[in-house]
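*Asks:* This is the structure I have questions about; it appears just below.
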Amino acid sequence: MLQFRQQAAPTPTTSTPSTSGVVYFTSTEVITIKGGVTNSYVTIAPQTIHIAIPTCLQTITPDKNGYLPPGTCNALWDYYPSFGAALVFAALFGILVSVHICQAVAYKKKFCWVIIMAASWETIAFTFRTLSTRHQQNANIYLVFQIFILLAPLWVNAFDYMVLGRLIYFFTPGRSLFSIPASTLAAGFVSLDFVSFVIQLVGGSWASPTASEAKQMQGIHIYMGGIGLQQFFIFIFVGLAMKFQREMTKNEKIRQLHGATSAKEWRSLLYALYATLGLITVRIMFRLIQFSSGGTSSNNPLVSSEACFYILEAVPMVLALLCFNIKHPGSVLVGPESELPGLMATVKARWRKK
């Protein structure tokens with residue numbers, strides 16, 4: 001039988017990978033094969049292999065703000081972020097926070113703390129984005145911005161659910177829709193929103209800029225699942241809102257409105273709710289398209305364009321918050337009967353009826 005035996009082998013070394021572009025980082029790792037291999041066909045002696053592999057050894061000097069070209073080691077941004085734009089939007093969201101606080105106090109609506117949280121989280125996000133434009137090597141600042149910007153719209157979603165629940169409770173004679181109490185509908189959708197919140201929080205955290213590429217991709221996929229779920233809930237919710245609108249139109253014709261207010265008032269608030277849901281949908285579509293190819297600037301122009309971020313992420317959220325400034329729920333939901341009872345109070349009331 002023909003046998004091939006290799007009693008000794010020289011130490012092989014792979015050449016450094018060649019590239020036509022700029023090589024930002026390389027190093028050599030030593031791998032030792034212990035014990036070798038011996039059988040009836042081949043004998044390979046123990047040997048050491050030197051392999052040149054990419055590592056995070058930056059050879060480019062960052063500028064005064066810490067900027068590095070996209071794709072290089074420690075580069076957090078896919079473009080040069082604008083300090084001025086981030087500061088302007090941080091100020092805009094800060095103003096919206098102040099206005100919502102004043103309106104909540106003026107109308108005495110405690111549930112408006114939710115929309116205040118939405119505006120506050122957007123303010124925090126853009127404050128940290130502003131800081132990150134001057135400290136582009138600080139991954140912690142970037143991560144805070146990323147988490148708050150990804151999750152802030154969920155607060156607006158929750159507020160939409162709470163507003164429709166109060167509209168149903170205040171205006172419909174049976175204070176229900178599809179025989180489901182208004183408080184149960186509101187609590188149910190807020191709970192679903194919380195589920196989406198948790199999923200997106202996990203995904204956004206895993207997609208940290210300091211995480212490995214594999215974990216970042218897992219985080220992006222989890223986050224996309226979360227916002228996809230959020231959009232699915234929005235579609236169902238819009239169907240409920242349209243059902244409420246039809247019921248209200250029918251009740252107007254037979255003069256059976258429960259709340260003593262004009263049709264113009266409830267319609268304008270409902271249209272504000274539709275507008276915010278539409279704006280959130282625009283933002284969700286932007287994020288889905290952005291992350292559909294892994295969120296890398298090399299194959300997705302939405303990632304490498306700061307203008308797209310502001311037009312499709314920041315502006316829609318400013319307008320969504322502004323909608324409830326222009327038509328505040330407190331201007332329509334007036335009086336003690338406009339307050340939605342808690343879920344436990346609703347359960348107790350139904351139990352007494354039985």
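Each residue, glycine too, has its Cβ placed from N, Cα and C.
Any TrEMBL annotation is an automated prediction that lacks curation.
Predicted, not measured: the structure shown is a model, and the values here were computed from it.
Not my notes, these are from TrEMBL:
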TRANSMEM  79-99  transmembrane segment
TRANSMEM  111-129  transmembrane segment
TRANSMEM  141-164  transmembrane segment
TRANSMEM  176-202  transmembrane segment
TRANSMEM  222-242  transmembrane segment
TRANSMEM  269-289  transmembrane segment
TRANSMEM  309-326  transmembrane segment
*Asks:* Does the transmembrane segment (222-242) reach the transmembrane segment (309-326), going by 3 or more CB pairs under 8 Å (6 or more apart in sequence)?
*Replies:* no
*Asks:* Give residue numbers and ranges for long-range contacts of the transmembrane segment (111-129): same chain, 6 or more residues beyond its ends, CB-CB under 8 A.
*Replies:* 81, 86-87, 89-90, 93-94, 96-97, 100-101, 103-104, 141-142, 144-145, 148-149, 151-153, 155-156, 158-159, 162, 166, 314, 317, 321, 324, 329-330, 340
